[in-house]
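**Q** Below is a structure I'd like to ask you about.
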Amino acid sequence: SGSCTVRTCWRQLAPFTEMGRSLKQRYDVAVKVLSMTNEAAGERTIARSRRRPREQRGQRRPKVSDGALTPRGIDLVYVEDSPSYCRASRYSPGTANRSCQKGRNCDSICCGRGYNTRVSSVQKPCQCQV
């Protein structure tokens, strides 16, 4: 017959590129936070440590006692700044002396230090099948 007795609904993820774009937008406006403990009550609160991006300044946000804004549930937050991967450290060898492809990634890999170019000729056997 033409009647429906059961209706099935399901959730589906957005396309991968759309999810990546959304995550990148949130990353670009991520909020650095400070964790403060109320010694008397033993309660912990989280407060932003930097100003809100221009596009979010008109929106109302809850405040913690010292006047700092609390991040929303959808905000990406971080506690420490990322290390510079340009300089060598105990966590990273840095990017000095790395090979890059001119016009593609040298500006980012070389971290503004500039780079030397080299032209080379390479001969390889052709791997031909006769």
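Cβ from N, Cα, C; glycine included.
What you are looking at is a predicted structure, and each value in this text was computed from that prediction instead of being measured.
Pasting the feature list from Swiss-Prot:
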COMPBIAS  47-62  compositional bias 'Basic residues'
DISULFID  Cys100-Cys111  disulfide bond
CARBOHYD  Asn97  N-linked glycosylation site
LIPID     Ser1  O-palmitoleoyl serine
REGION    41-69  region 'Disordered'
**Q** What whole-number Å value do you get for the CA-CA distance of Cys111 (disulfide bond) and the residue listed as 'N-linked glycosylation site'?
**A** 12
**Q** To see if you understand the setup: which same-chain residues, six or more apart in sequence, place their Cβ under 8 Å from that of Cys100 (disulfide bond)?
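**A** Those within reach of Cys100 (disulfide bond), by Cβ under 8 Å and sequence separation of 6 or more, are Cys106, Ile109, Cys110, Tyr115.
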**Q** Counting all other Cβ atoms within 10 Å across every protein chain shown, which of the recorded positions Asn97, Cys111 scores highest?
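**A** When each Cβ's neighbours within 10 Å are tallied, Cys111 tops the list.
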